[in-house]
Amino acid sequence: MSNESSKKQSSKKALFDPVSFSKDLLAGGVAAAVSKTAVAPIERVKLLLQVQASSKQISPEARYKGMLDCLVRIPREQGFLSYWRGNLANVIRYFPTQALNFAFKDKYKELFMSGVNKEKQFWRWFLANLASGGAAGATSLCVVYPLDFARTRLGVDIGKGPEQRQFTGLGDCIMKIAKSDGLIGLYQGFGVSVQGIIVYRASYFGAYDTVKGLLPKPKETPFLVSFIIAQIVTTCSGILSYPFDTVRRRMMMQSGESDRQYKGTIDCFLKIYRHEGVPAFFRGAFSNILRGTGGALVLVLYDKIKEFLNIDVGGSSSGD
């Protein structure tokens, strides 16, 4: 009895090891910050294409015709550095988001995967991978949503100078919305975000870990193979969850506005479908696929940084 109780206590300590948890935060956060900065211009193009129909700054005749049109007009109309508008907020938001996703993903995995044999219980093992990814994404979203909201609003602010800008920065955006709409204004679109993030993270983490777990030697997987797997996973996950992302960002655009275009999430889905058609749900999706390269780099860099920090990569990536 004493041996069993000591084993349970030691397993609990291992489950909440602060050193391992901190290393997870560092590895995921650094990888995320680097990749997001690299693809920031594409990120902004994607946001503008998604929400321009709901933006009061962009008149119908001035809307972007597509990704290339947007890429050309941004520096011409707003200046070259505006490609990175909202990037600082994105890095600040993305560091804890991705770090918490990865850190909690491994902790949730230890909870879900306990006693599961990959060889004998493959589908249970696969579902556990999906559940750990979805739970990690939903948990982190609850914490950082106001930063995600502010990043979106800053990224789609198309004014050229301070006098034409809706917000002057991250702090100004949060304060203005909180003052006009209260805390709930910073969580506009939160419900559909949770739905989308669970779909995205479940496939993003679950599929990546599952595919890597099927490889003969997960720890010795070549960089190129890991990158290709990650690229396919991020692309498929992004397309699958993209309509949810479009709706949530349209909902975000309503905070601080007296005249609201949508009554709620369902109304937003219906109005986009009726007035703009199915393609509207996927505006900016190609930009999102290109942006997904950054997400693929995050997954691969995360494993490499964990190796550098002497964290057991096999336990987190293979699902063993």
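Heads up, the Cβ atoms here are built off N, Cα and C, so glycines get one too.
Residues annotated as repeat 'Solcar 1' in Swiss-Prot: 19-111. Sorting each residue of the repeat 'Solcar 1' (19-111) by its DSSP state yields 80 helix, 0 strand, 13 coil.
What Swiss-Prot lists as repeat 'Solcar 2' is 124-214.
As annotated by Swiss-Prot, repeat 'Solcar 3' applies to 221-308.
In the predicted model, the motif 'Nucleotide carrier signature motif' (248-253) shows an average pLDDT of 96. The motif 'Nucleotide carrier signature motif' feature in Swiss-Prot is assigned to 248-253; the stated evidence is similarity to another entry.
Summarising the annotation, Swiss-Prot assigns topological domain 'Mitochondrial intermembrane' to 1-20 (among others).
The feature topological domain 'Mitochondrial matrix' is assigned by Swiss-Prot to 51-87 (among others). Taking Cβ pairs closer than 8 Å, the topological domain 'Mitochondrial matrix' (51-87) reaches residues 36-37, 40-41, 43-45, 151-152, 154-160, 166, 249-250, 252-254, 257, 261, 276, 280, 284, 286-287 in its own chain, all 6 or more past its ends.
What Swiss-Prot lists as topological domain 'Mitochondrial intermembrane' is 113-122 (among others).
Residues annotated as topological domain 'Mitochondrial matrix' in Swiss-Prot: 144-191 (among others).
Swiss-Prot lists 213-223 (among others) with the feature topological domain 'Mitochondrial intermembrane'.
Shown for the topological domain 'Mitochondrial matrix' (245-284): DSSP residue counts in helix, strand and coil, namely 25 helix, 0 strand, 15 coil. According to Swiss-Prot, the topological domain 'Mitochondrial matrix' annotation covers 245-284 (among others), on the basis of a curator's inference.
The annotation topological domain 'Mitochondrial intermembrane' is assigned in Swiss-Prot to 303-320 (among others) on the grounds of a curator's inference.
Per Swiss-Prot, transmembrane segment is recorded for 21-50 (among others).
Marked as transmembrane segment by Swiss-Prot on the basis of similarity to another entry: 88-112 (among others).
Per Swiss-Prot, the feature transmembrane segment maps to 123-143 (among others); the stated evidence is similarity to another entry. If one looks beyond the transmembrane segment (123-143) by at least 6 residues along the same chain, the residues whose Cβ comes under 8 Å of a Cβ in the stretch are 96-97, 100-102, 104-106, 108-109, 111-113, 116-117, 190, 193-194, 197-207, 209-210, 213, 319.
For 192-212 (among others), the entry in Swiss-Prot reads transmembrane segment, with the evidence type similarity to another entry. Residues of the same chain lying 6 or more positions beyond the ends of the transmembrane segment (192-212) and with a Cβ under 8 Å from any Cβ of it are 101, 105, 109, 125-126, 129-134, 136-138, 141, 145, 148, 218, 221, 226, 229-230, 233-234, 236-238, 240-241, 244-245, 247-248, 251, 265, 268, 295, 299, 316-319.
What Swiss-Prot lists as transmembrane segment is 224-244 (among others).
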Beyond the flanks of the topological domain 'Mitochondrial matrix' (245-284) by at least 6 residues, Cβ under 8 Å: 45-51, 53-56, 67, 149, 152-153, 156, 176-177, 180-181, 185-186, 188-193, 196, 239
Summary of DSSP states over the topological domain 'Mitochondrial intermembrane' (113-122), given as helix, strand and coil counts: 1 helix, 0 strand, 9 coil
